[in-house]
Structure formats: C-alpha cells, structure tokens
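Checked TrEMBL, it gives:
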| type | residues | note |
| --- | --- | --- |
| BINDING | Arg45, Glu72, Arg73, His74, Tyr75, Lys83, Arg99, Arg100 | substrate binding site |
| SITE | His169 | site 'Transition state stabilizer' |
Amino acid sequence: MNLFCGWHDVGLSEEGEWDALEVSAAALKRENMRYDIAFTSCLRRANQTLEVILKELNLTGIPVRQLWRLNERHYGALTGFNKRQMADIYGEEQVQVWRRSFNIPPPAIEPTNPYYHAIKNNPRLRHINEQDFPTTETLETTMERVVPEWTDSIIPEVRAGKRVLVVAHGTSLRGLVKHIQDADIMKFNLPNSIPFIIDFDESMKMVGSIRFLANDETVLKAMEKVASIGGK
C-alpha cells in the first residue's frame, strides 16, 4: 500500500499482522523478554501489534497505557495518499524533505481530504483538546508532544525498576531516539517491526548503543526500505 497513514486509523494489513507475529513477537520471544508495563498510542495498528506481542509472550495481564502523544506523526495533506503518487505530484526531493527533515511540514490537512472527518471524529481521539489536535506535523512538533510523555509517563516506570515495552510508530519512536541519543535524524531510519532495546543507568543515561533484535543485514535492508519512497 505504501501510504502516508499518519493519524488515519487503519488496522494492520495482512503483511502488518505477519510482521507483528513473525518479526516483532518472534524476536522478543527468542530473547525471552519480559515486561511489567506497556505503553502504546491510541491508533489501532499499534494496539493490534501490542496485542499480538503480549499474547505471544504470555503477558496479556500486564498494565497497558494508551497515550495519544505516542501517535504517529500527522502527515497533513499527504494523509492517506500513496507515497509514490505524492512524489510524482510534488517531486521526490520535496516529498523526501517533508518525510525526513526535522522542521519542514507538509501542507495542512483540509476538510476536502477523504480522511479528514474520520480522523477528527475518531472516538479514540475525541479526548484530545482542540488546541492540541494537529493538522500537520514535523518531526520537531511530533517530539514536542512525545518527549514530555516519555519524561512524565514512561521514565518514572523505568526509574521504579520496571521493564517497559513501548509499541508506537516510526516517527514517534524516531523522535524519542533523537531525544535519547541526539542522532543525525536526516540520516537515521528505524526499521519497521524489528524490536530494539535501550538500556539506561541509574541516572537515566543511555548505556551503550541501540540493540536491534535482528542481524545487521536484515536491519540494514529494513532501514533502506523505510528510507525509500517505494513503488506504487
């Protein structure tokens, strides 16, 4: 499908269901990962992924917190459209700037967008204050909502000695990684579905580097796929 999903609340595709089970859950199961609490967004695809993982790890009884600030970045007027189609209209360079830059937003979503009203009226999102409800976002503005949630909701659980699982989205997680290790975000891509582990010391400083639960070749290929505009 290769779409700019953003806040368009689609469920997992067949491929997404396979990835959740055979990539995400399988990798965590191989590592015998255990968790005390899980955080996810308010979007269905993240919740469905988390459900698959917790079922496979026999952890369906742990607390789960759904936080809208962990939602994927809002892609504005690009929402719901094919990435290659948008590149053909706006130019591949412009679309890549919108996708990968830190602070250059795509045009805001308008009521004429076929998904505008479904997003605004989504029961999962109705608790969001009107002034907080975005019409487009950059990585910078996504971080402005994600990082405080990390600081206020997730880090206290880590400080308390909890083993924390976060299941979110490419850009919201990319923003957290930039915050944690100050990565060169224009060049940094998170592979879809491949879990990664970040360890912290007692002062909440990152210990070592990100550890992906896959071999280097698999991770590199997945990163390249994320970076690409892709075909139709």
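Counting starts with 1 at the first residue shown.
Cβ atoms here come from the backbone N, Cα and C positions, even for glycine.
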Rounded to the nearest Å, what's the C-alpha distance separating Arg45 (substrate binding site) and His169 (site 'Transition state stabilizer')? Just drop the number here, would you?
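Here the two Cα atoms lie 9 Å apart.
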Widest Cα span across the substrate binders Arg45, Glu72, Arg73, His74, Tyr75, Lys83, Arg99, Arg100, in Å?
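So the maximum pairwise Cα distance among the substrate binders is 22 Å.
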Which one is it, among the binding-site residues Glu72, Arg73, Tyr75, Lys83, Arg100, that lies nearest to His169 (site 'Transition state stabilizer') by Cα separation?
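Ranked by Cα distance from His169 (site 'Transition state stabilizer'), first place goes to Glu72.
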Among the recorded positions listed here (Arg73, Lys83, Arg99, Arg100, His169), identify the one with the smallest other-Cβ count within 10 Å.
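Among the recorded positions Arg73, Lys83, Arg99, Arg100, His169, the sparsest Cβ neighbourhood within 10 Å belongs to Arg100.
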Show which residues of the chain containing His74 (substrate binding site), separated from it by at least 6 in sequence, have their CB under 8 Å from its CB.
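In sequence order, Gly6, Trp7, Ile109, Pro134, Thr135, Thr136, Glu137, Thr142 meet the Cβ cut-off.
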